[in-house]
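According to TrEMBL, the feature AMP binding site maps to B:Gly168, B:Ser194, B:Arg195, B:Ala196, B:Ile197, B:Thr198, B:Ser199, B:Thr203, B:Ser264, B:Lys288. Taken from TrEMBL, the feature active site, proton donor covers B:Asp256. Look at TrEMBL and you will find B:421-488 tagged as domain 'Pyrimidine nucleoside phosphorylase C-terminal'.
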2 protein chains.
Amino acid sequence: MIFKVRLIPVKMNEFYGFANEEDLKEIGIIHGDRLKLVKGSKSITIFPQPSQIVARGEIGIPINIAEELKVKDGEEIKAFPISRPKSVEYIRKKLSGKKLSKDEIYEIIEDIVNNSLSEIELTAFVVSNYLVGMDFDEIEWMTRAMIETGETISFEKGIVVDKHSIGGVPGNKISLIIVPTVASAGLLIPKTASRAITSASGTADTMEVLANVNLSVEEIKEITERVGGVIAWGGATNIAPADDKIIRVEYPLSLDPKPQLLASVMAKKGAVGAKHVVIDIPVGEGAKISDMKRGRELSSDFVELGRRLGLNVTCAITYGGQPIGRAVGPALEAKEALKAMEERKGSSSLLEKSFGIAGILFEMAGIAMNGYEYAKELFMKGKTHEKFLEIVEAQGGEIRRSEEIMVGENTHTFTASFEGAVVAVRNKAIVKIARAAGAPKDKGAGIVIHKKKGEVVKKGDPLFTIYAEKDWKLQNAVETARSDFPIIVSGMILDRYPSFKVM
Amino acid sequence: MIFKVRLIPVKMNEFYGFANEEDLKEIGIIHGDRLKLVKGSKSITIFPQPSQIVARGEIGIPINIAEELKVKDGEEIKAFPISRPKSVEYIRKKLSGKKLSKDEIYEIIEDIVNNSLSEIELTAFVVSNYLVGMDFDEIEWMTRAMIETGETISFEKGIVVDKHSIGGVPGNKISLIIVPTVASAGLLIPKTASRAITSASGTADTMEVLANVNLSVEEIKEITERVGGVIAWGGATNIAPADDKIIRVEYPLSLDPKPQLLASVMAKKGAVGAKHVVIDIPVGEGAKISDMKRGRELSSDFVELGRRLGLNVTCAITYGGQPIGRAVGPALEAKEALKAMEERKGSSSLLEKSFGIAGILFEMAGIAMNGYEYAKELFMKGKTHEKFLEIVEAQGGEIRRSEEIMVGENTHTFTASFEGAVVAVRNKAIVKIARAAGAPKDKGAGIVIHKKKGEVVKKGDPLFTIYAEKDWKLQNAVETARSDFPIIVSGMILDRYPSFKVM
């Protein structure tokens, strides 16, 4: 059938189009069916939506699809129904509890990357991986497929190492210290990091305060070869692109099926050619993994998947029951990390963890017997700081001193209303408050924790300070903190019936 | 935040809107999050899509949403992020393998009806019902919730009966004979039927050839009270509206989880106040249910669900291994059914099945000891025919005689190329050909089967005829029939390697 193009002034992630209901019936298209649009040598597959207001013979297409097809408003275009891709059958096979073959998994991942699956189909895949699961063969194939459907980097010489945290603990700015420490010892560490999805700041958001993180794979390679390390946003590259698309359906359901978690992390590490990898698994209340048993199981899965892919993996189960360091939010975290490097001192949860993980990498790469001590030595000698400034400069950054980092000017400090010991710093409340204050979008927004678990407070002592760039966001954050208090002092009345009041 | 409305000239089933990416980051909205739009006393919740081409401060909304909110292009509207409805948590609970409570299931169904769930969330619900399942309490609650979230009918007097086929067998026009037969005996049968989704003709499509099927619940009630029966399209009413929305995600995955199948059928029967119900379960190759064991299990589930809802249910397991009667497609089926009533004779698979099911209803309602004989007697005496014409008239129909029914003028007949016996009439190929010929959209399109299973054919005997309204669709259907032959004669070479050739 020939349609006249009508441009719809929007862009859509899913490939939708709009056609007259009667036209769709005429060509036998039902909701969820695909229509292939052909213009010259270009073609694209869309999911047409019935719309009474598009005239018969017209097809409404979003601007991004029109651009891809190089068609203009009013031009003619050919369209015909096409059947579901085979990968939908493979998803149904997984739904029926069966093991998928290598080819089947590759085809699913390819179709995800090409936007050939609808959100409904992609959701069915994610949910089936959650409920039916995958065995190690399938997880290995999925990881390889995720690597091969995207860009990869390979280094001609040098020992390439990497680290990854599975997330869930706020303030985890350790990469800003680990990457330069490791690079200063001559190892290569082409670290790609994420931006925050549900957290207050991803490593990429934090690094962006100081430098450009939107690097291409060519730039990542060049900088890593020149200065030894990089901290780039993975989303600016086309490394393991299936992952971002899968996250789009995982997030609304708060689901992260184990096969996807394993494949997603290892695909990113495999794609940059890492040989030795440390996976940081924070365990604790309010973290992604709440108990040691599940932490150990996941560790063993990562190591096995690494073995299959030819990656030497060590997992570090770390304490994730409260934030790392004291600052949460992009600029506050960058400031905390840079200040620690400048002064050769800082929060022990930040420094000890950074030395520990850098140390494991040193031991794996065989360049130190006691990796922790070696990492600490490099840090205390100023090697970490020096290398970090080199990396910032290589990534086009201009800030040299931690004092130059601007943070939100609107602040509010909560104080203790009586004496006691801090018994909990609640990850989820911390993140909620920092996000209400504007993080990660407003770089200067966030929260600084003055008292952490075990510390003793006197009446009137500051407990935490909220920073915001905009006053209305500060007010939102203060409200949030009042109803979901992040720091619990022993003896504090958490709730009161019938009337609720925290402080 | 205040937005300026920009009208997007489309209608969308899912409640989407379009906003500038930076604005969404500003208010902390991620893909899958909800934005509540408020204008005066009206509000609606949308899923905003990031779009670089909508200016900051603007929100693009589809026409249907603008109509509901009564806003015009350029007007101002308030918007603020709202959290996921609780029902998403309940869907996650089901995903984790737990039993849902009555209140939780009601909330999910209400949110489905109100369009408060995204396709991702709805898909997760359907897939979890498929993989985790539901126990009978949950299925009962879901059925009741589906009834109560829609319109219902209740009759002050008379015995209300109903029938339903779970589908999957082509040419199943039995309702056109059962409804008038049952009504002619003084029972009330307010039959709501579906249109085809993947079949060549739903009962509503077939009846529409003769009469108006877009009846409101008031009209269904009035006509049933006046003439005893009706054959209406359920989709024109608001009976069990959750079902249609659930089907929208089931269809692309070809999934029909048992809890949903049971609840969907029984909700429709419960909503019209039926006391005695027969469920037709066609079993056979190419039907929805392929073996007797599964047919019996499903029967027992329907009976148990009926008992819990206070409905007296009998299941009829029928032969579904080939089409019912000889005609497939709206007009051809209507013609076959009306002709059989006029002549008091017809295909035995059509008449015997109709008498059998009407007969069970007579026995359940206690108005005949041998229901089959009683149904046959009514049919042979012309009572069925007479009542059918009354129903057609009550529904505004004008056609009185089967010869007046127009069928497609473009036809092609396939003949036997040698002597033999018909060993298979393949349901799926029959449907595929009829749909390629234009059914159900083109009422006159379809297929007539001249030889069914067990019949002997001589070389040159007609096997089947394709009917189409449009020549190009006839050509498509002939092509389809050549590559997916629907009637198998013993000794026929079905495939040939290396070169593939059927006839």
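Backbone N, Cα and C atoms are what each Cβ position is placed from, and that goes for glycine too.
Secondary structure at B:Arg195 (AMP binding site), as computed by DSSP, is coil. B:Gly168 (AMP binding site) sits 12 Å from the residue listed as 'active site, proton donor', counting Cα to Cα. Note: the domain 'Pyrimidine nucleoside phosphorylase C-terminal' (B:421-488) comprises 23 helix, 20 strand, 25 coil (DSSP; helix = H, G, I, strand = E, B). Listed binding-site residues B:Gly168, B:Arg195, B:Ile197, B:Ser199, B:Ser264 compared with chain A at a CB cut-off under 8 A give B:Ile197 as the close ones.
Across the structure, B:Arg195 (AMP binding site) and the residue listed as 'active site, proton donor' are spaced 17 Å apart at their Cα atoms. Per the record's binding annotation for AMP, residues B:Gly168, B:Ser194, B:Arg195, B:Ala196, B:Ile197, B:Thr198, B:Ser199, B:Thr203, B:Ser264, B:Lys288 show a top Cα-Cα distance of 18 Å.
The two recorded residues, B:Ile197 (AMP binding site) and B:Asp256 (active site, proton donor), show a Cα separation of 13 Å. The DSSP secondary structure for B:Ser264 (AMP binding site) is helix. On a Cα basis, B:Asp256 (active site, proton donor) lies 10 Å away from B:Ser264 (AMP binding site). Sequence-distant contacts (6 or more apart, same chain, Cβ under 8 Å) of B:Ser199 (AMP binding site) comprise B:Gly167, B:Pro170, B:Val431, B:Pro440.
Close to the residue listed as 'active site, proton donor' in the fold, though at least 6 residues off in sequence, lie B:Glu250, B:Lys288, each with a CB less than 8 Å from its CB.
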